[in-house]
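J.: I am attaching a structure below and will ask some questions about it afterwards.
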Amino acid sequence: MFSPDQENISTSSTKVPVKYGELIVLGYNGSLPNGDRGRRKSRFALSKRPKSNGVKPSTVHVACTPQAAKAISNKDQHSISYTLSRVQTVVVEYTQDSNTDMFQIGRSTESPIDFVVTDTVPGSQSNSDTQSVQSTISRFACRIMCQRTPPYTARIYAAGFDSSKNIFLGEKAAKWKTSDGQMDGLTTNGVLVMHPRLGFTEDSKPGVWREISVCGNVFTLRETRSAQQRGKMVENETQELVDGSLIDLCGATLLWRTAEGLSRTPTVKHLEALRQELNAARPQCPVGFNTLAFPSMRRKDIVDEKQPWVYLNCGHVHGYHNWGNRDAERDGREGRERECPMCRARGPYVPLWLGCEAGFYLDAAPPTHAFSPCGHVCSEKTAAYWSQIPLPHGTHTFHAACPFCAQQLSGEQGFIRLIFQGPVD
């Protein structure tokens, strides 16, 4: 082990960049089904850049002036164009801001996008290609500006700059002139944000979903995702992200964790220790008396013969067996309706999987509860929190979902307490 002084020397010589925070995509249990590659992965760290690349608004040009045309065609000049009619466009030029770093998120794989996000297909933990769906995520969905000096505040804005450093809001996009004469607007499907109340801790409570404009103002939600009419401006709220803020891009939802918040979160190592502890207690199947074991984190989607299974209506944990499977012939191996041999409660019978994405956990307590109907296991506080969050789904509905696989939750609470049978010896 290092002495504290030696440790300081070793870290300062390697000069680790300051980490602002991480974005984690909901619905992936630690990595994408086909593996994380390049800018397409299940989590993305935002770190201080060697040189700032932030921008801030400067000159406003109206309509078809030569300056407006020049601002749009200049590949070295960031600008936002608001098309008001066929004959009138307002162009806002942006200049360098040495105090901020900019990170862009969207579906496009073009170079201005730092984090490529594609539509999340609920429950698709398999390696099948999930890209057949028509995407509702914008190519240049949003941008996050991080302050380069403490407290490293992160602010979110709708829309990102394309390869020509432009953002175009066409005739159909909702846009307006603000009271101080500036322009603002919303993107087609919108960027929604929800900040939790009481931080991302054991006491967290879900907040209210809001929409963020291109200039970072906060609005109540439109009637549907792409309605022309904007919501009401919410004066007393800001676009500053806090630990646990959720960002919805209409097709994928991202969780923002600050570097400080992550330092208090269980690590994958800790989750692995909890898994080993669970297995060391040698839980048994009350029918076959065989010992059950949660598979290692790497084998997180292949059903193992020692895999624990659960009856979702009562929480009794068993090994896989065919007892009481009245629908087995009809439904194959996983009959939806099964009768628990312990208490005769009827309901779905599913394999249990450990939640491996540590960033979704609110605390470091043991995994004692499982989401229904997917069987992902985590701590009680984590299950209770996520089951209360209405996540945007489609263009105008909301429902609670498992953060590890994005499946819509079912049952009264959306999760159950697991009842393990200890070894008989």
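The backbone N, Cα and C atoms fix where each Cβ goes, and this holds for glycine too.
The following feature annotations were taken from TrEMBL:
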type: COMPBIAS; residues: 38-51; note: compositional bias 'Basic residues'
type: DOMAIN; residues: 13-273; note: domain 'Pellino FHA'
type: DOMAIN; residues: 278-425; note: domain 'Pellino RING'
type: REGION; residues: 31-59; note: region 'Disordered'
J.: Using DSSP, break the region 'Disordered' (31-59) down into helix, strand and coil residues and give each count.
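T.: Result for the region 'Disordered' (31-59), in helix, strand, coil order: 0 helix, 13 strand, 16 coil.
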J.: What does DSSP give as the helix, strand and coil breakdown of the domain 'Pellino RING' (278-425)?
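T.: Output for the domain 'Pellino RING' (278-425) reads 21 helix, 36 strand, 91 coil.
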J.: Please average pLDDT over the domain 'Pellino FHA' (13-273) for the predicted structure.
T.: 90
